[in-house]
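What TrEMBL says about this one:
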type	residues	note
TRANSMEM	6-22	transmembrane segment
DOMAIN	14-361	domain 'Cation/H+ exchanger transmembrane'
TRANSMEM	29-46	transmembrane segment
TRANSMEM	52-71	transmembrane segment
TRANSMEM	83-104	transmembrane segment
TRANSMEM	110-129	transmembrane segment
TRANSMEM	141-161	transmembrane segment
TRANSMEM	173-192	transmembrane segment
TRANSMEM	212-240	transmembrane segment
TRANSMEM	260-280	transmembrane segment
TRANSMEM	287-313	transmembrane segment
TRANSMEM	333-354	transmembrane segment
Amino acid sequence: MAHFTTYLALFTGALLASYFVAHKLRLPVIPVYILAGIGVSLFVHAGETKVFEALGVILLLFYIGLEFSLAEMEKNFKNILSVGIVDLTLNLFPLWAVSAALGFDPFTAFVLAVILYPSSSAIVSKLLIDLKKLANPEVEPVLAILVFEDIAAATLLAVLVNISTTGSADPVTVLKVVIKIALFIFFAVVFIKNFNKVVDVVIGKYGTATEFLVLLVGTVLFAFVEVAMGFGLSEAIGAFAAGTLFAETSHKESVEQVVIPYRDLFGALFFLTFGISIDLSKMEASLIVPLGVLIVASFATKLLTGVAAGKLYGLSLKRGVSAGLMLLPRGEFSILVAATVPKLVPITAVYVLASSILGSFAVKESGKILNLLFRKKKKRKSRLSKSQLLGD
């Protein structure tokens with residue numbers, strides 16, 4: 001117990017100092033938390049912090065689920081499927097080709113592509129919340145992509161784990177994974193549609209006292225997480241589904257108020273412990289050039305994804321680029337996938353660190369970036385209008 005409380009004191013102290021630094025320098029807090037974690041890793045072993053990392057992901061994704069309507073998901077199912085397939089096509093296959101061109105063998109190149117494919121649900125969620133961007137129109141396709149990616153990445157991860165343990169891709173096992181995912185989605189949708197009324201009745205009867213709501217949310221949330229993991233999926237999907245359940249009730253705002261403090265604490269702990277898991281000493285000099293190429297290529301494919309997704313949702317090019325910027329950070333899934341091929345862990349760790357820092361800055365400064373990219377076009381239009389008015 002003393003060991004645990006020592007960690008908590010160290011972690012919360014490091015986070016508080018990091019917050020002050022980020023606030024003073026006007027920096028996004030996420031990369032500062034991650035860098036603080038790298039510093040703390042000198043005193044703490046990464047294997048001892050997994051519980052904080054898991055709780056951070058769970059609470060961040062639960063909160064995002066609260067902002068996502070199941071009715072809207074059903075209404076926009078075709079759009080979610082469309083942008084998900086576009087995202088998969090524009091990222092997985094081109095990045096597989098780039099990895100192969102860099103000299104990696106076909107299987108390792110494929111694993112690298114899977115590592116680079118999914119954006120970090122936890123980091124993107126935190127950015128959207130902190131920067132108050134949840135109301136932006138481009139957030140809808142971004143969240144649709146994140147939901148699809150969690151499902152696709154969970155499937156790919158399960159397949160890679162099977163290959164790494166057996167040495168071959170067993171089609172039967174792959175099919176079982178796909179069936180599990182389909183069953184969980186079916187179960188979650190049916191349960192949410194029926195149980196949200198029960199939750200409404202229970203809260204209506206016992207009131208919205210903070211203690212009661214915390215216990216109710218905790219029970220439902222961790223039950224969903226356990227069921228999702230029982231299906232072989234990530235805790236993120238279960239947490240998102242639980243959030244969606246409460247979003248369908250008439251007490252959504254009350255639930256949000258009791259969840260926010262836990263979200264903020266464990267969300268910050270997630271990024272700190274993520275930094276603790278990064279070991280920069282294992283990064284070989286020969287991997288620096290491939291790392292740079294992969295960063296550029298993977299950022300380019302995500303920007304293209306944002307533009308394509310924006311177009312499918314009827315958004316402007318500017319909003320599409322904004323969506324692409326939101327998708328730049330990679331994180332938890334990338335680390336999990338890399339663990340199936342140990343030699344890829346160092347390059348993945350540095351890549352995730354770089355993408356989380358650059359991606360966080362890109363989202364924070366997206367207004368300036370977009371104004372810079374689209375400024376010339378506006379000026380050209382204004383000059384044309386002026387010349388027309390003068391009769392030129």
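Here the Cβ of each residue, glycine as well, is placed from N, Cα and C on the backbone.
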Leading contact stretch, 6-22, 29-46, 141-161, 212-240 vs the transmembrane segment (287-313) - CB distance under 8 Å: 141-161
Sequence-remote partners of the transmembrane segment (141-161) [C-beta within less than 8 Å, at least six residues beyond its ends]: 64, 67-68, 73, 76, 79-81, 83-85, 87-88, 111, 114, 117-119, 121, 124-125, 128, 169, 173-174, 177-178, 181, 185, 232-234, 236-237, 240, 305-306, 309-310, 312-313, 315, 323, 326-327, 333, 336-337, 340-341
Cβ contacts under 8 Å made by the transmembrane segment (110-129) with residues that lie 6+ beyond its boundaries: 28, 30, 56-57, 60-61, 63-64, 88, 91-93, 95-96, 99, 104, 139, 142, 145-146, 149-150, 152-153, 156-157, 160, 236, 240, 263, 267, 270-271, 294, 297-298, 302, 326-334, 337-338, 340-341, 344, 348, 351-352, 356, 359-360, 363-364
Criterion met for the transmembrane segment (29-46) and the transmembrane segment (6-22) (at least three Cβ pairs under 8 Å): yes
Non-local residues, at least 6 beyond the ends, that sit with Cβ under 8 Å of the transmembrane segment (83-104): 110, 112-114, 116-117, 141, 144-145, 147-149, 152, 290, 293-294, 297-298, 301-302, 304-305, 308-309, 312-313
